[in-house]
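Below is one structure, written out as structure tokens, with a few remarks after it.
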């Protein structure tokens, strides 16, 4: 018979009691009532916050958007094909946030900041809320530094400043994305971090943009956030906020950032889809009542920070597609009223060979010449006025048969000015080259050339000026002013190049 040693048993029991650690874990849970179309209705989750992340049994994450009396409406961040009626859901206690770090530069990521370029994980130790408050009035200062796009038409007449929000608007296939990518290419060497957010675009279009940026060495300072047309509506809705959170990370580190949203109207459509499925009441064009707030809270995050916060900046270029030039639709009017100006691209100009197809007459920058260097102000002042007068005259000249000499000269000058605004895609110009081009046109040096010769002459003049008069570039870049010395150098170069050009053409 086995002897029971009471002291040994009591020691074991005592040890177990001492080691016992009473941990009580309270989890806020609920049950799936209904799931489908990217939406789940949950019973329970009594203390869930608006916008809180919830986790389903099979691992899918969702966001609690509708808090109703007897259920919670959750939008899914994934297809949710494995979620079943009756399965459990738990609240995480967290609002949507993403990891942020310098390591994101040069990468292509999705709305959850996960890499989708097949180049491995991205290391990050810091997190930022996807939706954070925009800087207040005291935290900002007025926009005063230029953000050069490299496009003459924009930098001279519709200047963009660091911290500004400028809308790019136009019909499909008018070169809106091309204007944005050229602006990214022109930031090379300017110490500006660029974020390109593709919302609901074709995967082939996004791949094309990424390839262009890689070939030109621009991916080194660029982050691409992509949620293509086949992504769930929730992720298309979140993508712009993810891009803004990444740009803010750099802005608060005293850096300059440029963010391009391509395009917010697709985000509004995704949000409309989510809202209608959540049975929120529809408003104009079936968009929910808070669609203005959707875009205003996003674009208000763009700012030029005050000197106490390090003077970082975030410049936003939202791109909105219109239907047959109708800017009075709901989303275009909303975004126009939020932004500090718009660049209007016209299908008629594009089809007539004027590219970039910027309609200078109705494009505007509300920051204006505050976002230009002095040299640009000096030469570009006359340009917009002359082009506006030319557009008016051209319309009138179609009906008039005999025009006086002065009108003919003005029409000839206008045609040449319009010609100098044309640029090839992915060929941005430096400020010095732009100043030289505008000066040559507005001072009548191109009047003696045929319209077809203008671009060829300007290309050769830029090369000639760079090799034979390097002091011109030095003066403009160091003083930011179009001095008399710079003007004399430029006049000399134009005259010398004109003589060479005429001899070449005659030969």
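Our numbering is plain: 1 for the first residue shown, then up by one each step along the chain.
Cβ atoms are placed via backbone N, Cα and C, with glycine included.
Quick look at what Swiss-Prot lists:
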BINDING   170, 171, 172, 173, 174, 175, 176, 177  ATP binding site
SITE      363  site 'Required for activity'
DSSP three-state assignment (helix, strand or coil) for residue 172 (ATP binding site): coil
Which of 172, 176, the listed binding-site residues, has fewest other Cβ atoms within 10 Å: 172
DSSP-derived class (H/G/I helix, E/B strand, else coil) of residue 177 (ATP binding site): helix
Site of maximum Cβ density within 10 Å, from recorded positions 173, 174, 177, 363: 174
Those binding-site residues listed as 170, 175, and which of them has the most Cβ atoms within 10 Å of its own Cβ: 170
All-chain count of other Cβ atoms within 10 Å of residue 171 (ATP binding site): 18
Listed in sequence order, residues not in 170, 171, 172, 173, 174, 175, 176, 177 with Cβ within 8 Å of the centre of the ATP site Cβ atoms: 321, 345, 347, 350, 357
